[in-house]
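Input: a single structure, listed below in structure tokens.
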Amino acid sequence: MTTTTTTRLLLAAILLAVAAADDDGQTLLEIKKSFRNVDNVLYDWAGDGAPRRYCSWRGVLCDNVTFAVAALNLSGLNLGGEISPAIGNLKSVESIDLKSNELSGQIPDEIGDCTSLKTLDLSSNNLGGDIPFSISKLKHLENLILKNNQLVGMIPSTLSQLPNLKILDLAQNKLNGEIPRLIYWNEVLQYLGLRSNNLEGSLSPEMCQLTGLWYFDVKNNSLTGIIPDTIGNCTSFQVLDLSYNRLTGEIPFNIGFLQVATLSLQGNNFSGPIPSVIGLMQALAVLDLSFNQLSGPIPSILGNLTYTEKLYLQGNRLTGSIPPELGNMSTLHYLELNDNQLTGFIPPELGKLTGLFDLNLANNNLEGPIPDNISSCMNLISFNAYGNKLNGTVPRSLHKLESITYLNLSSNYLSGAIPIELAKMKNLDTLDLSCNMVAGPIPSAIGSLEHLLRLNFSNNNLVGYIPAEFGNLRSIMEIDLSSNHLGGLIPQEVGMLQNLILLKLESNNITGDVSSLINCFSLNVLNVSYNNLAGIVPTDNNFSRFSPDSFLGNPGLCGYWLGSSCYSTSHVQRSSVSRSAILGIAVAGLVILLMILAAACWPHWAQVPKDVSLCKPDIHALPSSNVPPKLVILHMNMAFLVYEDIMRMTENLSEKYIIGYGASSTVYKCVLKNCKPVAIKKLYAHYPQSLKEFETELETVGSIKHRNLVSLQGYSLSPAGNLLFYDYLENGSLWDVLHAGSSKKQKLDWEARLRIALGAAQGLAYLHHDCNPRIIHRDVKSKNILLDKDYEAHLADFGIAKSLCTSKTHTSTYVMGTIGYIDPEYACTSRLNEKSDVYSYGIVLLELLTGKKPVDNECNLHHLILSKAADNTVMEMVDPDIADTCKDLGEVKKVFQLALLCSKRQPSDRPTMHEVVRVLDCLVYPDPPSKPALPPALPQSSTVPSYVNEYVSLRGGSTLSCENSSSASDAELFLKFGEVISQNTE
């Protein structure tokens with residue numbers, strides 16, 4: 001009887017659960033109503049909500065017995081709208097994952113009614129408001145992940161009432177107030193992530209009550225006070241990150257009792273000495289004490305840290321010599337001692353650090369020669385000894401550093417000649433020997449450094465000529481040879497350097513004219529003042545950018561820029577011949593005499609020390625020397641990688657992994673441990689003006705997710721090179737497909753081109769209209785439109801653009817962009833707004849329509865199309881691949897119209913990108929989705945992953961498809977701007 005009763009009760013419970021589950025289908029449909037952008041991602045969420053149906057809907061996992069919703073995973077679908085309060089009706093759901101969408105509004109209080117919930121992940125959205133107190137009702141909750149939103153208010157102290165909470169990640173929000181002390185009494189909490197908020201108050205002595213906590217991160221807040229003396233009791237900590245707060249006092253002695261792998265205290269106001277006991281923390285892999293006010297010597301006992309890979313002590317007030325014992329740190333990869341007050345010699349023992357990637361000794365008071373032993377650091381990528389008192393010569397043995405990309409020995413007292421062996425350092429992208437006493441000629445072999453981006457030999461005693469071999473520096477962006485004794489002409493070969501942005505030759509003895517530079521279209525900074533140049537200063541091409549100050553001190557130069565006429569009457573010419581001849585003979589004799597005297601005195605005056613301090617810039621103006629080389633992961637598909645992993649996988653960014661070059665970066669391909677490929681962009685700029693602002697911008701960009709934008713997965717900033725990690729897209733750039741050689745060039749039919757145009761427009765429209773703050777791309781071009789395996793367009797390189805200010809326009813100090821795509825209004829005024837991007841996009845449309853480059857053999861595609869439009873012959877320019885595959889050439893004509901509208905000369909006459917999307921959307925007619933083969937969002941499993949696997953597997957994704965617009969709005973757009981296909985739109 002008892003067994004029968006029990007069975008009946010069990011069956012009754014199951015029937016009740018099944019009956020309750022019948023409501024889950026209707027609940028899901030109610031949740032869908034609050035979402036936007038659902039048409040192409042939740043297309044199967046339809047019908048009457050019967051159990052057997054909704055359990056097969058995308059992202060829905062049901063219990064095998066009751067058919068109740070057990071898990072809901074809609075991550076990475078770019079869903080907009082809000083979270084419906086109806087979500088509280090999912091009584092049996094154990095996991096809700098809505099991360100990496102565009103959800104806004106507040107977290108509904110009804111979330112507290114999901115009483116079975118174990119994992120709640122709403123990260124990487126735009127959710128605002130307070131964290132609801134109702135979450136404290138979720139007694140089974142193990143993982144609460146709300147990072148990267150816009151949440152405000154205080155952290156609810158009621159979160160301490162969650163007895164099973166193991167992961168609490170509230171990073172990258174706008175939370176304020178203090179960290180609730182009651183949280184520290186949660187016995188099972190293992191992960192506490194609070195970085196990048198506005199938290200105040202002090203570190204509680206009770207923080208070590210968390211006996212299971214291994215990850216404690218409060219980086220980038222406004223915490224004050226001292227590190228509590230009880231810190232030594234936090235024996236379970238593996239990662240302790242207190243960086244970028246306002247903490248003061250000395251580093252407590254008992255911090256040495258910790259067995260952490262990462263100890264990061266940088267960017268605070270700690271003072272006093274470095275505790276010697278830190279040398280006993282054998283588990284340390286990363287020790288970062290940089291950018292504080294620490295004083296005294298570097299403890300020699302730090303040499304005992306044989307497992308430490310990164311040692312950052314820069315930006316303090318450390319004195320004394322560099323301990324030779326640091327050479328015993330056998331696994332060290334990064335040694336940053338710059339911006340201190342260190343004295344003495346560079347220890348030869350540092351040569352034992354054969355695994356070292358980065359050695360930064362800049363801005364100290366080090367003396368003596370550079371030891372030859374440094375060349376034993378075979379894996380060294382960056383060596384910076386700028387701003388010391390080093391003497392002797394540049395070691396010839398440095399050429400053994402085959403992996404080095406960055407060499408800066410500037411602002412010292414180095415003498416002798418430039419070793420020709422430096423030309424063997426084939427991976428160099430930066431070579432800076434400026435502000436020394438280096439003498440003799442420039443070795444012509446330097447011209448063989450094909451990856452060189454920046455060359456600075458200024459403020460030395462160099463003689464001879466500028467080598468014509470510099471014309472082989474195809475990647476070079478900056479050349480500074482100013483303040484030397486160079487003579488001869490500016491080589492014609494230098495005028496062929498298409499990537500050259502800066503050329504400084506002032507204060508030399510250079511002769512001839514400047515006409516050879518007229519074809520350096522990218523040249524933005526030119527200074528040839530105080531030489532012996534003569535002739536006419538051009539006024540066209542790039543020379544329109546330069547002020548008269550660029551040409552001062554050259555009496556023989558003339559022209560419009562200098563306010564002096566290059567032509568005089570024949571009478572004046574004849575009357576001055578005799579006087580000129582006499583004067584010329586006298587001057588020539590004097591010059592010959594001076595040359596003889598100079599040759600006799602050369603060995604003596606070549607060694608006269610210069611005042612190095614005159615060319616030593618303010619260290620605060622060069623934050624790059626203060627950049628700790630850290631790897632920051634923004635999305636978890638790269639989680640638990642370290643910088644060394646990436647260096648190892650790419651063999652220290654070997655050239656064999658290069659897949660492309662850009663105006664601002666070299667691009668490498670790296671296959672991660674999980675076999676997922678990523679693209680690594682190594683930026684040419686080493687010195688962001690504001691490191692913290694730059695990092696904040698990168699983190700913001702990393703949170704931007706859209707189907708048609710290339711996602712920033714992470715970044716690393718260091719003097720060795722700033723690296724950005726992006727999604728890798730299989731089919732390269734649109735430029736490759738349209739213009740590359742036979743190996744990459746593909747035939748694109750009309751439908752594919754339309755979809756590429758629409759995808760790029762959707763990505764750009766999202767930046768202009770849906771980001772907060774809005775973003776101007778600044779360099780829209782076919783090389784920045786990448787194509788995935790299905791040839792869907794993804795807009796790249798939007799990440800480094802400055803966010804729009806609250807004003808309507810943004811004034812840039814220099815013209816950005818690529819020749820052929822630059823808005824003429826922007827080029828003339830440097831005033832930048834969204835319409836500058838619209839112009840560039842219009843040029844991309846012309847590329848798609850014609851298959852031709854924007855500029856080719858001095859032929860400008862835009863001008864050519866305008867002339868054809870004026871003659872009503874524009875259709876002659878259509879790419880043959882379009883003519884063969886397009887069923888309605890009227891569509892082609894409409895896109896020509898749109899391209900010319902986008903590239904109108906007056907910005908106010910151009911459409912917005914939202915309007916462009918509407919027009920293209922009406923031309924693209926995708927088949928209605930029937931039953932596309934889409935993978936389920938969650939594995940069909942009856943169990944929910946453990947909290948560790950759940951958190952490790954966090955990853956971004958996006959599959960947004962924009963809403964369609966009515967044809968009426970498209971017709972209104974064409975009516976608004978008028979027919980332009982037969983008009984000259986200039």
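A Cβ is built for glycine as well, from the same backbone N, Cα and C atoms used for every other residue.
Swiss-Prot marks one residue of N527, N731 with the annotation N-linked glycosylation site, and that residue is N527. By the criterion of other Cβ atoms within 10 Å of the residue's own Cβ, the least surrounded of the glycosylation sites N73, N220, N328, N456 is N328. Outside the repeat 'LRR 15' (402-425) by six or more residues, the chain places 362, 370, 378-396, 431-443, 445-446, 448-449, 451, 456-457, 462, 607, 609, 612, 615-616, 652-653, 686, 719-721 with a CB less than 8 A from a CB of the stretch.
Cα proximity to N456 (N-linked glycosylation site) (within 10 Å) is found for none of the glycosylation sites N64, N233, N269, N509, N542.
Counting only the Cα atoms, the space from N269 (N-linked glycosylation site) to N328 (N-linked glycosylation site) is about 29 angstrom. Candidates N233, N328, N373, N542 (glycosylation sites) were compared with N304 (N-linked glycosylation site); those inside 10 Å Cα-Cα are N328.
Counting Cβ atoms from all protein chains shown, N64 (N-linked glycosylation site) has 11 others lying within 10 Å of its own Cβ.
Counting every protein chain shown, the Cβ of N373 (N-linked glycosylation site) has 18 other Cβ atoms within 10 Å. In the predicted structure, the repeat 'LRR 6' (188-210) carries a mean pLDDT of 92. For N509 (N-linked glycosylation site), the nearest of the glycosylation sites by C-alpha distance turns out to be N542; the candidates were N64, N373, N408, N542. For the repeat 'LRR 6' (188-210), the DSSP counts in helix, strand and coil order read 5 helix, 6 strand, 12 coil.
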